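Copied over from Swiss-Prot, here are the features:
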BINDING   CYS429  heme binding site
CARBOHYD  ASN113  N-linked glycosylation site
CARBOHYD  ASN348  N-linked glycosylation site
CARBOHYD  ASN386  N-linked glycosylation site
SIGNAL    1-18  signal peptide
Amino acid sequence: MLALYLIAGLLVGLLVYRLHLDPLSHIPGPFLAKFIPICNIRMLHTGRIVFTFRELHDTYGPVVRIGPSELSFATVTAFDSIYGFEGEKKFTIYGSRRGVVSSASGTDESLGNATSKESRRKLRPLITSTLNELMASSAEEYCHLALTEQLAAHRVGQDGSTPISLSTLNYRYLWQLANMVAFGNRGQEAHRETFNPHIRWPSPFVSFIDLLFIFCSRATIQQHARTAYKAWQAIRFVCRQTTQGPQVDFIADDSTFPDNLHRRLRQAAEKAGLDDVSDFTLLVNSMILRFSVYGTSDHMINAVFYYLLRHPQCLKRLEKEVLNAGTSVEELSDNRLAKLPYLNACINETFRISPAFNGGILQRVSCGATVDGVYVPPGVAVTVDNYTLGRSKQYWENPDAFCPERWLESSDKNVFKASRPFLIGSRQCPGRQMAYQMFRILVAKLVYLYSMELVNKDFDIERDTFCGLHWADLEVDAILKPRTDVLGY
């Protein structure tokens, strides 16, 4: 009986603390979020993470308590405070979802996931310089080659009236391109199928660690990330669910394409005398590039065509601009495409309206800081969701409309700082310029070679896709008719 009284007393004490004494008790949010991370678990399992973030902020305001020790912000100033250079002193990824997942998967030695400032100090100039060199020398050639080979393999345009899965085509040439630039080889389709689970496994694992955060500090879970992962695997095994591992997966470097990131990193590290940077670290960073090109860009390239095909007036304007850029597809160099304002506006608008990265993976952990006048105690997680910022009426005119024209004119009605898909500060994506190059070439070449007609017009991105930590299942089916009798492959 005494034990029951003690348990009841503890529960009452917890209830009083969470409701009245907790430093976050005054922050608005769902009632259950004061006790359990119900928001995150529900968002991840329903596949509506970005839509739910937006709904929460529309309901509760610019700062929302989404868990017992987690806040979500929806302002540009919060974005600057958390992710900017000054934020590096006040916030860390150690103990965040990203930190725990990277430790569990063995990718914590990558530039984006490293928690040590010394590691990032060594890796950033190494990776940034090699990416820039690769972009200048071979990345453009690889973009053309990967797309051309897949157009030929799919016989795109051979029958102008037969619909094709444009999204599947995009997946396959991005997989080839990812392996070319990262490891110097062509990625086989069988390898792509085995790689896909590595993209999807973090979402259910993150739900599990969110539950652990109720009972243990974030730093403790970070320290025992591999143990937490093994426990999660055991639970899934008992429940007869797949136990696909997060192991670091590589494809042997057969150097079909000698100019690749892995080889350049090894040469640059040797030249700089960085003997303490292991080959495993270089492999991990090369794998991260492969994941970035295939595992995140797949959604973005599909989203570009999803919105263009649903807005024929935008597609028509883009066609006119691209077709006037050269007399043949071979003339569509990135130097030329970078000067096409509407092409770049279409890409930027897609980044705004349908960003690849969301608040679920952009989480940081406070070291004790104030954000937008709200004190965030040490150990409390914070996030700013790109989708919510990109769809905010506070920063955009007609935020739900796909309107590339907004990027061609300066206006007080649009705050462009509310769309920064590659982050800012010391953890800004080092492959930003390569990503723009890739999108320009791939989108422009397809638009130049084919007129397109959407087939699956009833597909809805909000209703029919699954948006966890990785936005997936965006399907675009179209009829591609060659503009000339001579196909571009």
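We count from 1, first residue shown onward.
Yeah, the Cβs are placed from backbone N, Cα and C, and that goes for glycine too.
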Closest of ASN113, ASN348, ASN386 to CYS429 (heme binding site), Cα positions, glycosylation sites only: ASN113
Glycosylation sites compared (ASN113, ASN348, ASN386) - highest count of Cβ atoms within 10 Å: ASN386
Cα-to-Cα gap, ASN348 (N-linked glycosylation site) vs ASN386 (N-linked glycosylation site), nearest whole Å: 13
Separation of alpha carbons, ASN386 (N-linked glycosylation site) and ASN113 (N-linked glycosylation site) (Å): 19
Structural state of CYS429 (heme binding site), classified by DSSP into three states: coil
Protein Cβ atoms within 10 Å of CYS429 (heme binding site), excluding its own: 18
Local backbone state of ASN113 (N-linked glycosylation site), from DSSP in three classes: coil
